[in-house]
Each structure stands twice: as C-alpha cells, then as structure tokens.
Amino acid sequence: MHGLGNDFVVLDARADALPAMTPAVARALGDRRTGIGFDQLVLLEPSATNAFRMRIFNCDGSEVGACGNASRAVALLHGEAVTIETGSGPIALEPLDGGARVDMGAPRFGWDEIPLAYPMDTFNLPVGWEGLDAPMAVNVGNPHAVFFVEDSHAVDLERLGPLIEHDPIFPERVNVNIVSHAGSDHLTLRVWERGAGITRACGTGACATAVAAIRRGLVQSPVRVTLPGGDLVIAWEPGGTILMSGPAAESFRGTFDWDDYS
Ligand SMILES: N[C@@H](CCC[C@H](N)C(=O)O)C(=O)O
C-alpha cells in the first residue's frame, strides 16, 4: 500500500499469528533489491485494549511509534471507522473515499518528550547545521525537527538529513522536516525520515510541520501541506488533537516465504 508514494508492506496477523518480527527480518524484507522493498513495514496484530494493534518498522529495521501515511492505508484496508493501538497510544481512523482521516492524538513539546539529550527550548532549539538553524522540536508519536527556510527545494537534504538524524542531541534520532511558507494556509515540505531517508511523503512530518507553523503564527488551521508525493490537510488547534486527511491506496497483494527472510 502507499500514501502519497510513501510505501508500505502490510502484514495482517490479526486472525492468524506470524512468526516474531525482528529488526533483521524487517530489514531483509525492506531491501528493494533482494527483498520486497518498502519505506515502512506495517504489522497488524490482535490488541488487548483496542480493535487491533498496528506495529511499524522502518526499512532499517527500527520499530517506531507512529506513521501517518500508514495509518490512512490501514484505515482503507479495514474499511470502517475504528480506534487502534499503536506504540505511541490509541489513534482513531476513519476511511473516506480513496483515503482516510486520522486523529493522530495531541502533539507534545517537552524536551524529554521529544526526546532531547538535555533540557532545551523546543520552540526554538538553540542549534544549527550549516545554515539550517533554530528548528522547532515536536513529538507527534515520533520525534520531529522542523526547519523553516525560504526555499525547501534549495536544501541539500540528502547530505544534511543523516547528519541531523544522528546528532547526539536526539538520543532516539529524529525525522528532519524542511518547510517553506507557501501561503496563509499552505506549506511546502520535504522530509528526511529517520530510518528510511528521503521519502515522497511523511504524514507525521506533515502533522509536526503544520503544528510548528501554527504555533509560530505563520499559518492558520486547516493547513494544506504539499509534499513531493502530493497534498495532505492537517487541522489542529492549540490544546487539541491533530486531524490528518489524505489519500491512500493498495498497490498489490502477494505472498512470500518467511524462511527466505529469517
Ligand atoms: N512515513 C511515516 C513516518 C514513519 C516513521 C518515521 N520514519 C520514524 O522513524 O519516526 C509517516 O507517514 O508518518
């Protein structure tokens, strides 16, 4: 499945259990030349607290708490409104025609909630990397640094993305968002994803970016966020939860032999 070209392999183990997923199996499946290939692997499992549980693995094998685009894909697959368990708490999915709306929960801004290595002002982090300065740090189920620039396409994200992702001030690494202001309710965004690199779209990146831009007074909710793969609409009022709307699609279904990857 994919959401704006951010692509996923979705394994549905809600009714029939699969062998245990490990970082090594996720990495092997995620290899675009020797495996199936994806930005994220999504594993659906039974849940003790909600309708079912969604686990998310980046293509480097790391397990993470949230994925906005995959949440819309899972909403489409499930086909009816449902609240599910994720590593970062429950989220509410509502399928729409050709996509979904997801309540991603409330953003968090505490330095230890991002998390950062030590106390810092998360509204304007007092740090910079070669001209990329003073990002806002936001956790929307996963950690994001949001940099506002004049022209997001002029930034060498391929080179700076991994530098920032692995900077020791982010002990759990970070997703890197480069945003330019396109209008009073419109932003343009490119994302270097933690554990996956540059993707065509990042749903949580769009959420973190819209929240950061609203907090800085640059735009008003709802915000249209244009990513290389297309547009998402993000609604958020301070103190509330984030509503993300956008498309999702199924690409194909198939089978593979687990033994080839373990
Ligand atoms: N593609 C995603 C985010 C996936 C997880 C992220 N790379 C992380 O490590 O936190 C999205 O659509 O939100």
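Sequential numbering from 1, following the chain as shown.
Note that Cβ sites are derived from N, Cα and C of the backbone, with glycine treated the same way.
Record features, source TrEMBL:
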type	residues	note
ACT_SITE	CYS67	active site
ACT_SITE	CYS67	active site, proton donor
ACT_SITE	CYS202	active site, proton acceptor
BINDING	ASN6, GLN40, ASN58, GLY68, ASN69, ASN142, ASN175, GLU193, ARG194, GLY203, THR204	substrate binding site
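Within 8 Å of the Cβ centroid of the substrate site, not counting the listed residues ASN6, GLN40, ASN58, GLY68, ASN69, ASN142, ASN175, GLU193, ARG194, GLY203, THR204, the chain contributes ASP39, ILE56, VAL64, ALA66, CYS67, ALA70, VAL191, ALA196, THR199, CYS202, GLY205.
The full span of the recorded substrate binding residues, ASN6, GLN40, ASN58, GLY68, ASN69, ASN142, ASN175, GLU193, ARG194, GLY203, THR204, taken as their largest Cα to Cα distance, is 16 Å. If you measure from the Cα atom of CYS202 (active site, proton acceptor) to that of ASN175 (substrate binding site), you get 9 Å. Most Cβ neighbours within 10 Å, among the binding-site residues ASN69, ASN175: ASN69 holds that distinction in the structure as shown. The least crowded of the binding-site residues ASN6, ASN58, THR204, judged by other CB atoms within 10 A of its own CB, is ASN58. For the active-site residues CYS67, CYS202, the ranking by surrounding Cβ atoms (within 10 Å, all protein chains) places CYS202 first. For the pair ASN58 (substrate binding site) and the residue listed as 'active site', the C-alpha distance works out to 10 angstrom. The 10 Å shell around the Cβ of ARG194 (substrate binding site) contains 25 further Cβ atoms across the protein chains shown. Rounded to a whole value, the Cα-Cα separation of THR204 (substrate binding site) and CYS67 (active site) is 6 Å. In this structure, the residue listed as 'active site, proton acceptor' belongs to neither helix nor strand by DSSP; it is coil.
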